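**Q** Quick one: the structure is below, and I'll ask about it shortly.
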Amino acid sequence: MSQTRGRYDFCIGLVLAMSSSIFIGGSFILKKKGLLRLARKGSMRAGQGGHAYLKEWLWWAGLLSMGAGEVANFAAYAFAPATLVTPLGALSVLVSAILSSFFLNEKLNLHGKIGCLLSILGSTVMVIHAPQEEEVETLNEMSHKLGDPGFVVFATLVVIVSLILIFVVGPRHGQTNILVYITICSVIGALSVSCVKGLGITIKELFAGKPVLKHPLSWILLLSLIVCVSTQINYLNRALDIFNTSIVTPIYYVIFTTSVLTCSAILFKEWQHMGADDIIGTFSGFLTIIVGIFLLHAFKDVNFTLANLPLSLRKDERAANGTLPSTYDCFNHDEESSACLGEIQSTESLSARRNGSLSAF
């Protein structure tokens, strides 16, 4: 019976996590559209500390979409381990990238499509090899785990790093370095996931008729979650306003997932019960996601499609065989004339530099 119940909870958590990714991925697009509209109107931008986006309905639509995604995410953490729910956040990267290409005119080239595929494959591998966290069924057990010295040290470091980034690094480098605001969102997100997990247990006990509302930890978790989520929304808005959506989303995912997996491993001691194959599989899946995200956005400005792939291969083969095109061949093929002349010029320039000729410059 318990095994059947466990499968049922697993399926519910999986569906909720996927739904959450769809809502959250769409929310990035709606928010960005709202911020772009404000920028065209000349309003003070969120990246400069303005809050004019509070009057923009598109931004509110994005916020509601993110709220729906977070609610689904909240419920998913109540039914499934964090190490199952969090990796599926890569789907929000996929949704955001695809919608950006349609609604924000941000191109998705061949590298991006391969990156999306790798992100999905990596998420699948992580789900298959996800470590199983220790069973925490009561608020008292959660309270005991939150008081563990290892987690206390981790949470203290997160708070100190966040405060330094907010009050010292942010005002100086937040407008130019994309990692500042995103790191704030990500590391605080690790604490918010712990709060969500605890509140999920609280809600389950509340429905079971237990007097959990009298437990001080319930209110501490709720207050901590409000503070964490408010901080995440604020600095995520700043990052979206300053930098490209297709860059913000994957970086946020990588740092956030790393923070959550680290926090979950410390809080639930789940890695102690994993086999070597699951550990390798988990790291392999996460690295696959990172590679996919890198391909998705590192070459986003490169106009590379399947249509020009054969031409590129032919050029590479000719260069490898030493059969570089002649000027006569170039002028006999009008569609490749400019590319061929560029090859000839670059080859001649390289040869001149090797022979010590200053005329190449």
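Note that Cβ sites are derived from N, Cα and C of the backbone, with glycine treated the same way.
Annotations for this protein, taken from TrEMBL, read as follows:
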- 12-30: transmembrane segment (TRANSMEM)
- 57-77: transmembrane segment (TRANSMEM)
- 84-104: transmembrane segment (TRANSMEM)
- 110-130: transmembrane segment (TRANSMEM)
- 151-172: transmembrane segment (TRANSMEM)
- 178-196: transmembrane segment (TRANSMEM)
- 217-235: transmembrane segment (TRANSMEM)
- 247-268: transmembrane segment (TRANSMEM)
- 280-299: transmembrane segment (TRANSMEM)
**Q** So which residues does the transmembrane segment (110-130) touch in its own chain, when a touch means Cβ under 8 Å and the partner is 6 or more beyond its ends?
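**A** That would be 14, 81, 83-84, 87-88, 90-91, 93-94, 97-98, 277-282, 284-300, 302, 304-306, 309.
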**Q** What residues elsewhere in the chain lie close to the transmembrane segment (280-299), defined as a C-beta under 8 angstroms and at least 6 residues from its ends?
**A** 83, 87, 90, 93, 97, 109, 111-112, 114-131, 246-247, 250-251, 253-254, 257-258, 261, 274
**Q** Which sequence-distant residues neighbour the transmembrane segment (151-172)? Criterion: at least 6 residues beyond either end, Cβ under 8 Å.
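**A** Answer is 145, 180-181, 183-184, 187-188, 190-191, 231, 235, 259, 262-263, 266-267.
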